[in-house]
């Protein structure tokens with residue numbers, strides 16, 4: 001009875017993990033068993049399992065431990081036990097990246113991969129390729145070629161997949177195996193054919209003509225593997241997108257014809273892949289899309305849950321790009337709302353939300369509410385994203401949608417789920433003025449019982465930004481001050497900042513805010529006390545300019561670049577005053593695009609956004625003498641200076657400093673028989689510019705990206721900074737062996753290569769900024785410290801106000817304010833408000849009044865702290 005009771009208790013506790021309490025030290029000591037003779041296969045398998053478990057649980061072995069374990073493991077090759085041998089292969093693969101001298105087992109693995117025991121061969125190939133590098137690959141090349149065309153499918157697949165892995169480190173050697181891969185394409189085994197196509201494409205993907213020939217050949221043949229056909233469809237789609245075939249020619253394209261014929265394939269997998277590919281292609285018309293949507297509509301009523309899920313997921317993804325076509329499937333989607341598979345039901349209803357009429361919103365929301373509590377957070381986020389899109393489409397329905405979202409906020413859920421809801425409510429508040437009051441009220445209720453610190457801080461920031469301009473700002477004070485009393489120090493500090501914004505923006509509430517901030521000075525936390533004292537001191541001055549600069553429009557510098565600038569200042573001339581205005585601003589928080597693809601929804605933490613300037617700072621810091629230029633003001637996106645398929649490809653990134661520009665040229669040598677040295681770019685400078693330094697690239701081997709720099713000083717006059725530069729790539733060429741990459745001799749010859757011209761524009765020299773309250777900043781700029789330039793233009797190249805706004809934003813490179821970059825439909829008058837900082841720290845505010853009649857008339861007013869900058873920006877439009 002006692003034994004029965006113990007067994008019953010163990011059963012109640014659930015399954016236990018026999019390896020959960022392993023210690024690395026004791027397991028490594030057990031590896032001594034591997035040296036025993038004869039080999040105890042059963043015991044060794046158990047020890048190897050422990051080692052693999054520890055490694056896969058994240059336990060790290062130092063090189064000495066891994067090497068000792070590896071060499072002990074090699075003794076097990078004397079055993080003929082099949083299971084033990086395969087465990088040894090797994091151990092070799094896991095330890096190969098840490099242990100030293102792993103090539104000692106090459107001969108044993110080569111013997112196994114060429115032996116007669118098929119159970120060994122495939123695993124031996126995988127293990128061998130995990131320890132092989134490009135220097136010793138030629139020794140096993142003959143065996144790899146034989147295995148690729150082996151009659152045993154498992155061996156052939158292992159060789160093909162291992163070849164794909166080796167192609168990343170020894171691409172030149174693997175390219176020589178193309179004939180064997182081509183032969184493997186004729187295999188009757190579906191997996192061999194699939195992997196062979198994958199290897200062939202990888203070998204030829206850098207040669208567009210070779211890929212086109214491969215696809216044209218295979219589309220005319222009949223592939224037996226549905227997996228290979230699916231891959232061929234994807235390759236064909238990539239070629240179509242790269243060629244950018246116009247709509248009227250696309251239907252006659254052999255590639256599109258092939259994809260269309262796959263809609264009639266006998267495999268459901270291929271049919272779906274073809275339909276998915278067609279609906280996601282650009283430049284398609286209704287006639288081309290119709291068969292694909294018919295297939296998806298048919299799959300919606302399939303008895304197989306996988307087909308229903310695939311079809312509705314694809315419809316959900318393209319609902320915003322092809323709403324009319326998806327609407328034809330609405331009846332089928334309505335039927336899927338009650339599907340037993342909740343994932344299918346969720347996708348169906350979110351698709352209907354994206355394409356449905358305004359009158360159906362209430363009915364759909366009622367249907368969602370019946371099962372939303374039963375689905376996972378992952379799919380709840382999909383629902384929230386669909387509601388966000390619906391709010392943008394039907395702003396008058398914000399009350400219904402906001403109430404639904406507030407109900408979801410009160411439910412249980414993880415941080416990412418709650419964040420998606422808060423993001424949506426904030427988006428509605430920012431884009432719909434009518435929804436501001438109700439949105440803020442819902443968020444106030446949420447933070448009363450919010451367990452996520454990051455969300456509470458975000459909401460308090462929003463309340464400080466939007467609350468003072470609501471109809472009755474005083475009603476939010478209680479919610480904010482409650483956080484000071486009840487929350488953690490981080491939230492209390494955010495609440496103090498929010499209170500100060502009410503005091504700065506609402507004179508009627510200033511007296512009460514001063515009392516509350518005075519109480520916060522007694523807080524036990526240093527940060528809270530310091531903030532309260534700081535804001536209290538500023539508010540007591542009753543100076544509007546201080547309110548604007550230090551409370552309403554606080555400096556939002558990039559912390560990484562601010563730290564670097566301060567370190568440089570401390571290492572330099574301390575007598576000179578530190579100028580914070582030259583430090584670039586932090587990346588503006590931009591609302592992420594709504595993902596229509598449910599597979600992209602993930603619970604992984606979001607990495608912090610890094611600006612291009614922060615990314616460039618550490619790399620540029622390695623250049624000699626770069627510190628004297630100051631912090632990076634702006635780094636541009638890369639521009640291509642050559643065609644993508646030329647002998648040498650060069651792209652340029654412009655790093656703008658206060659008085660200098662650093663041209664970064666990323667160079668790639670695509671010729672395997674050439675080794676380049678002393679690579680540099682020679683610029684033809686416009687008048688006023690001066691070259692200060694050229695940093696050449698010493699060596700440029702085949703297929704390695706290397707960088708050369710040119711440092712140029714701007715003219716003293718800002719108006720002369722807009723210019724075009726000629727560029728020539730100069731280098732020394734040495735012939736080399738394509739297999740080794742080593743030059744044949746020490747002697748070379750000088751050569752050059754002409755590059756495309758480059759421009760420095762106004763947008764290159766301006767760092768975007770975002771004003772929380774543009775009108776306050778504009779009014780404050782009406783002073784003697786600010787200078788103004790004004791002009792009127794007729795924009796003949798554009799026909800709509802939205803096109804005009806987009807053009808102005810592109811030319812000037814400024815950040816928009818108050819969502820003025822979006823022009824409401826049906827309007828003939830619009831005002832664009834934007835701001836930024838010119839290199840050197842000159843602030844810029846722009847107000848562009850647009851009127852649409854027969855053309856677009858623009859009245860542009862620019863205010864800046866520098867007259868030359870104001871005139872330069874005005875001239876840029878003309």
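Backbone N, Cα and C atoms are what each Cβ position is placed from, and that goes for glycine too.
Taken from Swiss-Prot, the feature repeat 'HEAT 1' covers 64-101. Mean model confidence of the repeat 'HEAT 1' (64-101) amounts to 87 (pLDDT, 0 to 100 scale).
Annotated repeat 'HEAT 2' per Swiss-Prot: 287-324, in sequence order.
Taking Cβ pairs closer than 8 Å, the repeat 'HEAT 3' (326-359) reaches residues 293, 296-297, 300-301, 305, 308-309, 312-313, 315-316, 318-320, 367-368, 371, 374-375, 379, 382-383, 385-387, 389-390, 393-394, 396-397, 598 in its own chain, all 6 or more past its ends. Look at Swiss-Prot and you will find 326-359 tagged as repeat 'HEAT 3'.
Sequence annotations record features per position, and here Swiss-Prot assigns repeat 'HEAT 4' to 360-396. Counting residues 6+ beyond its ends, the repeat 'HEAT 4' (360-396) has Cβ neighbours under 8 Å at 316, 320, 337, 342-343, 345-347, 349-354, 404-405, 407-408, 411, 413-414, 416-417, 420-421, 423-424, 427-428, 431-432, 434-435, 594-596, 598, 601, 603 in the same chain.
Counted with DSSP, the repeat 'HEAT 5' (399-434) comes out as 31 helix, 0 strand, 5 coil. Positions annotated as repeat 'HEAT 5' by Swiss-Prot: 399-434.
According to Swiss-Prot, the repeat 'HEAT 6' annotation covers 471-508.
Secondary structure counts, DSSP: the repeat 'HEAT 4' (360-396) has 32 helix, 0 strand, 5 coil. Within its own chain, the repeat 'HEAT 5' (399-434) has Cβ neighbours under 8 Å at 361-362, 365, 368-369, 372-373, 377, 380-381, 384-385, 387-388, 390-392, 440, 442-443, 445-446, 452, 454-455, 458-459, 462, 466, 591, 603, 819, counting only residues six or more beyond its boundaries. Across the repeat 'HEAT 2' (287-324), the DSSP tally of helix, strand and coil residues reads 30 helix, 0 strand, 8 coil. Helix, strand and coil counts under DSSP for the repeat 'HEAT 3' (326-359) come to 25 helix, 0 strand, 9 coil. Counting residues per DSSP class in helix, strand and coil order gives 33 helix, 0 strand, 5 coil for the repeat 'HEAT 6' (471-508).
Note on the repeat 'HEAT 1' (64-101): DSSP counts are 29 helix, 0 strand, 9 coil.
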